[in-house]
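Presented below is the structure to which this report refers.
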Amino acid sequence: MAVSDSNGMKDIVALCKRRGIIYPSSEIYGGFANTWDYGPYGVLLKNNVKAAWWETMVKHRSDIVGLDSAILMNPKVWEASGHVTAFTDPMVDCKQCKRRFKADDIVDDPSTSRTSGTGRRCPECKGELTDAQQFNLMFQTNVGPVASENVTYLRPETAQGIFVNFKNVLDSTRVKLPFGIAQIGKAFRNEITPGNFTFRTLEFEQCELEYFVEPEKAEESFKYWVKEREKWYHTFGINSAKLRIKAHDKSDLAHYALSVSDVEYEFPFGWSELEGIANRGDYDLTQHAKFSGQTIDYTDDEGKKLVPYVIEPSGGIDRATLAFLVDAYVKEQVSRSAGQQVSEGNEERILLRLHPKLAPIKAAILPLVKKEPVVEIAKKLYEELRKEFFVEYDESGTVGKRYRRQDEIGTPYCFTIDFESVDDEAVTVRDRDSMEQERIPISSVADFLRKKLQ
Ligand code: ATP
């Protein structure tokens, strides 16, 4: 990442607010802890991240189908999955400053253990901590008017909606092993220590695939998906030096997981998980069969019945979006180039080098003068392009300022129209990253964009 400030995330958070990408939620009321709203450009960016995932995982594959299951589910689902009893974090409070922490995040401090007899002190004020209490991360709610009745939960992951629909998908489509069911949707976790901008929030979107395979092929499939998922982040622009795979030690795995690896990204606050890939064996289908009393299995072509194993790549759309933003952020000095028909000046610029497919706005149409027939040509081009692409028209201020604005929201191409366009029926296209400018016929602009967005 090319962030030049020492605070890491500060510049990105400021850019996101300034340019309508991400705002603090409920800001006029002082905000609401670790919830964020995606602004006009942020929603386009996030939708593009979802579309990129969906295209790769569903549209371009004949072995994966999609699903959109409900957020509220029968509470038995969460008993079967183990979330009611085991989806907990140990929590500690500081008796002095009253801050709350995940007990796992507290490291022993040898300087305090010598004086107080315990090495576990508040990381903020070194105060004494309470004993750890288990805290369930699920948001509980009630269906119907009586507060104590009909308890259920906001789903903490989308995966269970897939498992409980395994039989439905099998019975209503022509899927055959190996096959996957993919889903993007909201999930909710009452995180004790949310933070790092949109990295850890209470409400977030997940993108999950449950890929069902014959048990003996599970490890091979697991390895395949680890590579595929790392490749996806790289394909959509993330610098491969900032990506790594971290395999979990077998001794650290949950009892049902046979193998787990995370795709990690080097954020300014350190290497952190973008996505986890797990070989979950037949745990989930077996649990739901047990709790529902239904038979959940698969019959192969020879009539043999089996419970498939499942490989689960489980990612977060908000985390992926944040990684794409952080990785695309560049602050650089603009140097005057002889090749520029329109001078860019000699100043600092901030840009988001987003992959064109992820960029919220694909092109800006900028008339160089506010005079006819230049404006008319520019508006005609804009009207034509916006039938197919998210584009912007901007005629106010100097062209240099207009370029800077587009750079900051990651618009890959700007088309300028001038008096020459009247005679040569051409426009100048300016590339966001290289700032190189090229003259192309107006009639080829839509095709130019189509090719770049392939
Ligand atoms: P972490 O260790 O960071 O809490 P996790 O291992 O609990 O993550 P999973 O349960 O595997 O996460 O969830 C799959 C993915 O969902 C994560 O890799 C992440 O991208 C996303 N995710 C999970 N919790 C959050 C959260 N609170 N905010 C944003 N994204 C999240």
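Cβ coordinates are placed from backbone N, Cα and C, and glycine is handled just like the others.
Nobody curates TrEMBL annotations by hand; they come from automatic prediction.
Copied from TrEMBL, the annotated features are:
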{"type": "DOMAIN", "residues": "11-360", "note": "domain 'Aminoacyl-transfer RNA synthetases class-II family profile'"}
{"type": "BINDING", "residues": "LYS102, GLU157, PHE204, GLU205, GLN206, CYS207, GLU208, GLU312, PRO313, SER314, GLY315, GLY316", "note": "substrate binding site"}
{"type": "BINDING", "residues": "189-191, 199-204, 273-274, 316-319", "note": "ATP binding site"}
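Using a 10 angstroms CA-CA radius around ILE317 (ATP binding site), the binding-site residues that qualify from LYS102, PHE204, GLN206 are PHE204, GLN206. Each residue contributes its Cα atom, and for PRO313 (substrate binding site) and LEU274 (ATP binding site) these two points are 11 Å apart. When the binding-site residues ARG189, GLY315, ILE317 are checked against ligand 1, ARG189, GLY315 have a Cβ within less than 6 Å of one of its atoms. Counting only residues at least six positions away in the same chain, the Cβ atoms of LYS186, ALA187, PHE188, ARG189, THR198, GLY316, ILE317, ASP318, ARG319 sit under 8 Å from the Cβ of PHE204 (substrate binding site). Other C-beta atoms found within 10 angstroms of the C-beta of ARG200 (ATP binding site) number 18, with every protein chain shown included. Distance noted between the C-alpha atoms of GLU208 (substrate binding site) and LEU274 (ATP binding site) is 12 Å. Using a 10 Å Cα-Cα cut-off around LYS102 (substrate binding site), the binding-site residues GLU191, ARG200, LEU274 reduce to GLU191.
Cα to Cα, GLU191 (ATP binding site) and GLY315 (substrate binding site) are separated by 17 Å.
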